[in-house]
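These notes concern the structure reproduced below.
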Amino acid sequence: MALKEGLRAWKRIFWRQILLTLGLLGLFLYGLPKFRHLEALIPMGVCPSATMSQLRDNFTGALRPWARPEVLTCTPWGAPIIWDGSFDPDVAKQEARQQNLTIGLTIFAVGRYLEKYLERFLETAEQHFMAGQSVMYYVFTELPGAVPRVALGPGRRLPVERVARERRWQDVSMARMRTLHAALGGLPGREAHFMFCMDVDQHFSGTFGPEALAESVAQLHSWHYHWPSWLLPFERDAHSAAAMAWGQGDFYNHAAVFGGSVAALRGLTAHCAGGLDWDRARGLEARWHDESHLNKFFWLHKPAKVLSPEFCWSPDIGPRAEIRRPRLLWAPKGYRLLRN
């Protein structure tokens, strides 16, 4: 096993060097889109055998990382990375029912995002999100009367919270953390045991069940999960509260999906809202806004579980052998219309 892990490590280094050379050439000759297809050649690494045998989860029981040898199934700090085939979904469902959990899902639908995305998001969530569980959909919008009526199953409710309309789309994104922190300290935080926060411009395409639950949950970004850490788009402006020095950072996480217990998310949203306020007071704005601060938080406070890109996939990337069953799919963006 040690020899196998060593060979995988050398293979990973070799392919990174090849990719870098081909990538630089590709950038000059063909442009960036051609380069994207080469990154799938980089091996993701292998979970050490000592860690692999110890991977367990409160909802899925013993995990099966050996069922996915082609992908990385654990983090350096011993948290599982959840891939299709690495867990028993029936065990997770049974455990969640025994605990009689209520799971919250927050969605911000502001401006044209409401009319373009919200209805499909909610309809597909009813098919795939925590099926058979008690669920609270918390929709935050400046137009509560425009929220579509969606047929909900037993034990599932859809409270709507009014929020102020922000002037810029960047401010909408960044105000989310402050609003979530307040909500988690109020009624939503008392109603739900676990909470997920998701972007509305995506839709469910497969089962998103209790296997995703943990004290704190991060989502690998589908555009960056093959990249070495030094190429990841962390905030590098040393003056920003989200700044991460070169050499810091392990995975790049997507702010379109994150979750955890109410207490853990209170800490996460307090950190991100505080960092955003710090930057604003100094006339700064992190490159990727609240996502930059989210990644800084998960660097300082490691998540208990990481979801593979299968749980939030971009169809623009195209098919990948390791992406067996996408759970969420990004919707076409149309930023020029939506953000005007």
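Counting starts with 1 at the first residue shown.
Even glycines carry a Cβ here, placed using N, Cα and C.
Annotated topological domain 'Cytoplasmic' per Swiss-Prot: 1-12, in sequence order. Positions annotated as transmembrane segment by Swiss-Prot: 13-32. Per Swiss-Prot, the feature topological domain 'Lumenal' maps to 33-340; the stated evidence is a curator's inference. Residues or ranges marked as N-linked glycosylation site by Swiss-Prot: N58, N100. The annotation Mn(2+) binding site is assigned in Swiss-Prot to D199, D201 on the grounds of similarity to another entry.
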N58 (N-linked glycosylation site) and N100 (N-linked glycosylation site), distance between Cα atoms, whole Å: 14
Cα-Cα, whole number of Å: N58 (N-linked glycosylation site) versus D201 (Mn(2+) binding site)? 30
Given the glycosylation sites N58, N100, the candidate whose Cβ has the fewest other Cβ atoms within 10 Å is N100
Please give the average pLDDT for the topological domain 'Cytoplasmic' (1-12) in this predicted model. 64
Local Cβ density at D201 (Mn(2+) binding site) - other Cβ atoms counted within 10 Å: 20
What are the sequence-distant neighbours of D199 (Mn(2+) binding site), meaning same chain, six or more residues apart, C-beta distance under 8 angstroms? I107, F108, A255, A256, V257
